[in-house]
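Data first, discussion second: the structure below is written as structure tokens.
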Amino acid sequence: MSDLQKKAQVGMTPISLLDCRGSFSELTNKEKHYAHHLSQACWAIIMVTLEQTSPESPEIFELILRLFGSVEDIQTLYKQSGISKEEWDLLLCYFSVFFHNSGNYRGFGDAKIIPKVGPEVLEKLIAVSPKKEILTPIFERVQEPMFTINEKDQSLGFPYQNVSSYYSPDITKEDIDVSEEFMKEQNMLPLTSRLWKVDQKHLEYRFASIEKKEKVTHQYKGYTLDFVYGEFSEHLKRVNKHLTNAIPYASNETQQKMLEAYIEHFKTGDIDTFHKSQRLWVKDKNPNVEFNLGFIETYRDYVGVRAEAEGWVAINIKSQSKMFGKLVSSAEEILPQLPWGRKFNKPFVIPDFISIDVLAFGGSGVPLGINIPNIPFNDEGFKNLNLQNSLLARFPKEDIPYLVKEDMEVIKKHFIKAYQIQVGYHELLGHGSGILLKEEDEKKNFEENLINPITNKKVESWYKKGESYDNVFGSFASSMEECRAEAVGLYLSGIEDGKYNKIFGVEDEDMEDTIYSNWLILLRGSVLGTMYYFPQDKMWKQAHCRARFVILYELMKVGVVEVTMNSEENDFIVKLNRDLIKTKGMQCMSEILLKMGIYKATANVELAKKWFDENSILDEKMTKIRQIVINKKKPRKVMLQINTFEKDDEIIIKDYEENGEGMIKSFVERFPDLYN
């Protein structure tokens, strides 16, 4: 067995319930109906996510649902097939991880997954299924990509190097570069599109929409560029059906108009109507049921311009939201203390910041915090969300590897507060801070004599018409923005001896330990994230991990943190110097924040890329440590989500056992009629 196969195989995996039963019970009957129909829309959109992940993912999904949907009790298949208990459990773990990631590539790290059993095990289950005749041809089509792995398909990446379903397999770097130049000149965003090669110098933009409009053709630099609408049409029809069903249960006119804008967007593919939906969403302040849906994040497109479909519904935890509301109220006092100063901050538009329990999250994984919308040059505000039940599902109950015992105990005691602090600062004052200097129609949004605090000279660069942060900074835009937000979190948690941490209910006697825990959690995570660096390509496969490593690397250079291997070089300890956080640590964070803030504001991609690349390459020692992390890697938890059902004009909620069978049942019951 090759190393590639071993690394990709899914072993026994912990499954944790994303529990929202208490929060859901506090909703009114009308709000429960609203949440239910929106949940159905969010689950419907993962059919798009599957197609965006890999060519085989939709049919693997169909195979699993048809197989287990063919029997009343999934144990029946196991008992009749003759496979062993270990084989059964391992196959269920693969299916669970597949469902959690909406495909056979991990949402965090983009690595391919394969079962830890051979195809003959699945064949035995299919052989005893009442739907054997339907399942066999599907299995024959997906068997090879499902059970095998090679150098090219081991991870998602640029389409000419690895796998990407955002582009046709034969597309070249030149094709992509020309297509992006054209979109910038047209001042258009390709977020909802895929790019396909029809012939030499003939490309097709396939835009997501229900309507299949007449093809529009452009000529540009010797290329023929076709705009075609109707991509994912059938999937989006199902999304719109559920959004339409939700409208009668909207709590106010803003919610109703927001849903109508979503419906129009998915119908026509018009990006402006999506932006309209997001502006209305921002105006829907502090609702009891929160929701967002669409083509949102560009992490999994390595070009950095096409977005993954996702949707989520959650319930506002009013008591905790008050705490985050206090942070919002203090934001105008805190923001000027960031190193780039007032003139490089945009006017602060007071946003929502609420704590939520996720009811449904359709996508490639459930995060801890969210800051959206990602609208270019957004001057209308945003929302920040702390996903509380996602945080609780991750709480460490066992020993925490690579730390000394005393540090483990400190982190366990302060884990929740430290994470809330980091999420709060990261989302609201990290992603929510900083200005993009721009010029459009010969008008600038900054003073003519504005001084760059790094060079002490007049600002020399800014964003021009058709440019956005994503399309200027491209493939490392996400990593640098996450690095900036994480550094803001560390910096603000330590400023003035943790003055603003009191907003989160941290008492004076716990302050130093809470700051220490916040820094150490992130730095330990930075070391673990090295598994997502590929030395042969000098490439990172996870934006957040690259972001955190840059912070780790800078703090190691000034001696604030050490990563020490044992003499056998088969283990290591991460040790943070508590006494240096206030001095060298804070100074280091201040310096890197100034760089990132000004580089981003002034569209200085050249200097930003040079600095970021230099600080995110693993040296010999860190390469050895990376291998230890890989050798001792523990499986990431997957999230089991509840379902809602309509019964006699009431919405009932159903949870499942935290195991592979529970995960399978939840998906079979979530999509009862999908393949009928």
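Just so you know, glycine gets a Cβ as well, placed from its N, Cα and C.
The active site feature in TrEMBL is assigned to Glu427. Look at TrEMBL and you will find His426, His431, Glu482 tagged as Zn(2+) binding site.
Taking the recorded positions Glu427, Glu482 in turn, the residue surrounded by the fewest other Cβ atoms inside 10 Å of its Cβ turns out to be Glu482. Each of the binding-site residues His426, His431 was scored by how many other Cβ atoms lie within 10 Å of its Cβ, and the smallest score goes to His431. A Cα-Cα distance of 10 Å separates Glu482 (Zn(2+) binding site) from the residue listed as 'active site'.
Apart from the site residues His426, His431, Glu482, the chain places the Cβ of Gly369, Asn371, Glu427, Gly430, Glu481, Arg484, Ala485, Glu486, Val488, Gly489 no farther than 8 Å from the centroid of the site's Cβ atoms, the recorded Zn(2+) location. Taken residue by residue with DSSP, Glu482 (Zn(2+) binding site) is part of a helix.
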